Amino acid sequence: MLMEDETEEKSSTFQHSLALQDTERSFYELIHENYPSSSSFSSSPDQSVSGSFSDYTTFSSGSSYTAESHWSPVEYNPPIPPYQSSVNSAQFQFFENPMPAFLDSALQFQRGMEEGSMFLPNHAPFIIHQDNTSFSPKAPEVVIKREPESEEGEYLNWEELQDGSSRKEKTVCMDDTELSELFDKVLLGTGLGKGKPPNDESNMCGGGKLLFKRGNDDQSVDLRTPLMLCAQAIASDNHSFANQLLKQIKQHSSSTGDATQRLAHYFGNALEARLGGTGFKVYSGVPSSKTNSAQDMIKAYQVYASVCPFEKLAIIFANNSICNRAMQAETLHIIDFGILYGFKWPALIERISKRAGGPPKLRITGIELPRSGFKPKETERRLASYCNRFNVPFEFNVIVNTRWETITVEDLKIEKNEFVAVNCLFRFENLLDETLVSNNPKDAVLALIKKANPAIFVHSIINGSYNAPFFVTRFREALFHYSALFDMLHTNVAPENPTGFMFENEVFGRQIMNIIACEGCERVERPESYKQWQLRNMRNGFKQLPLDHQIVDKLKGRLIHDAHNTNFMLEVDGNWVLQGWKGRILHASSCWVPA
């Protein structure tokens, strides 16, 4: 049931001494140590790592859905080797001394790895194949230019503010015609392909070829186990052991390897930053927004959107939901929480321009954080150019604020007799919640939306359970979540396309760094499950609108038409549209109005 409380199964302690001794003996064999007598140390259940995970993020046979689909939502359950054999002793001789107290936690973790393995990639880790490396079409030629000096509306990152300088880096730019064509292809949906990324050899290193780190041809290493062991060591303040693990992880991970290697690369970097106490400093400097401009990111987004339908279908859901309810509106006012580059609105602008009787006046209030790379005037110019092109009257208002909960209704500049639509695409996860502050921003922003009294509130969320206050639990859940994402990209993006790596670094790498290396108010990646959002929205005075099944059918048809991998899934639970990969729910969307 949607309203049913979700509880995590508590891990059981070992009841039989013989079974415990057998398991301990296998660990000592793994680290080449003699197994001590049973009196040498005792089990400590309090130090154990829970091996279960939140089951609301997966589809199960007991779930009920109202929409039919030809996809079978099955659990992602590939086989993995037993725990004892997952770490190659010849390559990972990192235990210098016996650690009895820590081994008990590792024993309990074994069960969690077995259960969590259903969401981990099923390919053999560390094996890189470079046989198929052909990408023939040639991308437009690019030239290197320097960004112009800082203009009004450009926000510097904290490092630039700290040292008092505005360092201008090189950016890859194209001429206006090529850039306009690129934006049209992506933002108007004409170049999103058939489930395949666009070919681009212009950014490749070494004459169009990338050098990939090969794994051991004879034996492979599963890095997920040492990652979890390292997280537990850091949580236990065993820094010496954690550093030994990190050294080995870094030797066998790569930002351009397979899914497991790339996953280990970003999680290893985050663990290292947490261990060194530099989490927020590194997080603030992770993205290369100083070198990657809007056109760089649109190319990265084009690759991502071509192979992954999550954001594309969420935008289609929002645009159709808003347009269907604003068919008679003379003025359409969209309040967009998290507008950034404004990439989600050109398709809507084109659609309303074709409305019988003429288009409405479009007012957009964009709300964003003061972040490096965000230029409000650039976003306004981009949207205004599309409105001029399609003859849509346009007005733009921007609110740049680090604390969205302090925004007032007056700041939104709502006018009389206009159709107000509020949209949030995967950004409320960045708001703090009641676990940190009593008057939490998530509820405060929802109260602001209710006071604005919109005709529709389109809410799309990242369905995640890695918002736990306990580090090891949060690390484990994040590992499950991003394992599915890295597996998805590895399956659908050829390794010869470096733009996919840029997207991983700019988006996934930045998120992982914040989740793992930051705490308190500095940790802004705080997703909740769609069931938790259901309760929160209702508690704050909203009621859910019934799904328009014509829109649902359109989304499923688009998924088929674009020939995306059959492991992508789109289903319905109540009035939520759910999207996922290999049975794991990753995104959800729904529509609300004030009750």
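Quick reminder: no glycine exception, Cβ is built from N, Cα and C everywhere.
Per TrEMBL, region 'VHIID' is recorded for 301-366.
Computed over the motif 'VHIID' (332-336), the whole-number mean pLDDT of the model equals 98. The motif 'VHIID' annotation in TrEMBL covers 332-336.
Long-range contacts of the region 'Leucine repeat II (LRII)' (378-410) within its own chain (CB-CB distance under 8 A, at least 6 residues past either end) are made by residues 153, 155, 183, 187, 294, 337, 339-342, 345-346, 349-350, 352-353, 359-370, 431, 441, 444-445, 448, 451-452. What TrEMBL records for 378-410 is region 'Leucine repeat II (LRII)'.
Annotation comment: TrEMBL describes 517-593 as region 'SAW'.
Note on the motif 'VHIID' (332-336): DSSP counts are 0 helix, 5 strand, 0 coil. Per-class residue totals from DSSP over the region 'Leucine repeat II (LRII)' (378-410), listed helix then strand then coil: 17 helix, 7 strand, 9 coil. Helix, strand and coil residue tallies for the region 'SAW' (517-593), in that order: 27 helix, 26 strand, 24 coil [DSSP].
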